[in-house]
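Peer 1: Have a look at the structure that comes next, please.
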């Protein structure tokens, strides 16, 4: 926690400085590598952690070393993780996917924006200073065409996005030769299919079956392809966004870059304050990861925050506005039906979802069915024209462990399953959002119900938080539940920061939430038995046993904190080569003792072997040379 609280002016100035001086940066002793595919432009980034050699013998004067292989790891930081790429936030990122989109020949540029709100914003000269300078000319599907990755997959097409993902999901593990590093315990996958090698054909088949989605709006060509599905690596989402109380465009762009640096696979912009449209444009043009939104938040701003005044027309205009900016997935609370709202009356904490409470209030005030449910097919038509994936929101998720797994929660889940099938009719990709607050013993039912009710569409959960007693530490309480539900089959975990229930997260909160959730996701991958998931753990354990401190720092999810904690007690350079740490000291280090035991056992084996040879020599008469038939 920062010792001095910055003023709003200082926070904005700090964020502006971050943006102005931004450069591609690698983690300590890491380098950016690229693995190329067979299709044009498929060049997949990874981070390779360089390791120091292991001392295996020799003398002090002439030590003998054995090289350790570099460890490739998944990297979602895009150009921000490559020191060779010049970064200019004012210009945005390179349009990686634009040639692929254009080559398919099924899109057309729009001469006029479809959203009335967008037209009004562009015509307002007063916004020129806030506006992103290089506004993209949006595209949409040509008449009668669909441009979704699901549409292509169902027709047997392997897109460049699918090949990119296959290479990325394999994490470069084919480069690893060491049997020690490749060793992996069998997992318990709970029905997930985890092939030893992920191919582009496998990616296509999973997308075609609806078990995975590739969020990739044709108007967000800057994004690097990624996949969300039970049979792939567990992903992590980070939430950012301004509010009416705090945060600016500069700070949100800073949080975006910061999020990708610490491993966010997708980012949701949940802005509810001023300049939502302009903030989102800056975020999209500078984001290498898919961006999600909750359109009802902005639609509510357009009617001055009065839920009863919401209309389908205002919401539709918001969908078009955001789709043409490049939003990759929409959270839509279409499962909050009028008849389900009374089911929440006996809850301890009622309806805690912002989107859910907005729609519940609208339904009750008009005594009509949810207009998102009523117009769901029209929503799907819009999504199919831009390849916006749907994240079907859990507006009735439990907000306390007491309310977990109740009638309202599962009634909505059943409706989300119905909506999933409708979306698939339009070739629209779908994932399902889940809770929430759920005690550990009740978590698995959430996964089994989702798979059954929603036809194996990917599950995306907020935690769940396993206890309600730890404000300020809810990244821990939820990380426990996230690891469990990820193991059971959840495809993406929405991070929770230390500020959950308390306030809007800052940069450090974002980092803490992401590190916690990267741990949870990785633990789930290990438990499922995802091929190659244990390589980094094995490399860390080997470095730890061999007292290669620099390698231990660099293999960590957060090398800076690992080094800082070590140096608090052993700051000298000699501490980086010491065969102990401050926890046990030199005389009680279990690993040093283990090495001594191993060396002693090896020496004993040699001594016994020499004794056996001596006995054999004497038994043969003590002759130096044996006759040929005796040898």
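Including glycine, each Cβ sits where the backbone N, Cα and C put it.
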Peer 1: Given that Swiss-Prot lists 239, 268, 333, 353, 354, 355, 394, 395, 396, 397, 433, 460 as binding substrate, which residue among 297, 473, 517 does it place in the same site?
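Peer 2: Among 297, 473, 517, only 297 appears alongside 239, 268, 333, 353, 354, 355, 394, 395, 396, 397, 433, 460 as substrate-binding in Swiss-Prot.
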Peer 1: Which chain-mates of residue 437 (Zn(2+) binding site) that are at least 6 residues away have a CB under 8 A from its CB, listed by sequence?
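Peer 2: Spatial neighbours, sequence-distant, of residue 437 (Zn(2+) binding site): 397, 398, 399, 400, 401, 403, 404, 463, 464, 465, 468.
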Peer 1: Restricting to the chain of residue 239 (substrate binding site) and a gap of 6 or more, list residues whose Cβ falls under 8 Å of its Cβ, or answer none.
Peer 2: 267, 268, 270, 494, 495, 505
Peer 1: Please report the number of other Cβ atoms within 10 Å of the Cβ of residue 501 (Zn(2+) binding site).
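Peer 2: Residue 501 (Zn(2+) binding site): 13 neighbouring Cβ atoms within 10 Å.
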Peer 1: Compared by Cα position, which of the binding-site residues 297, 353, 395, 460, 589 is the closest one to residue 501 (Zn(2+) binding site)?
Peer 2: 353
Peer 1: Compare all C-alpha positions of 239, 268, 297, 333, 353, 354, 355, 394, 395, 396, 397, 433, 460, the record's substrate binders, and send over the largest distance in angstrom.
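Peer 2: Max span of the substrate binding residues, Cα based, is 20 Å.
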Peer 1: 355, 395: which of these binding-site residues has the sparsest Cβ neighbourhood within 10 Å?
Peer 2: 355
Peer 1: Count the other Cβ atoms sitting within 10 Å of the Cβ of residue 460 (substrate binding site), across every protein chain shown.
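Peer 2: So the Cβ neighbour count for residue 460 (substrate binding site) comes to 27.
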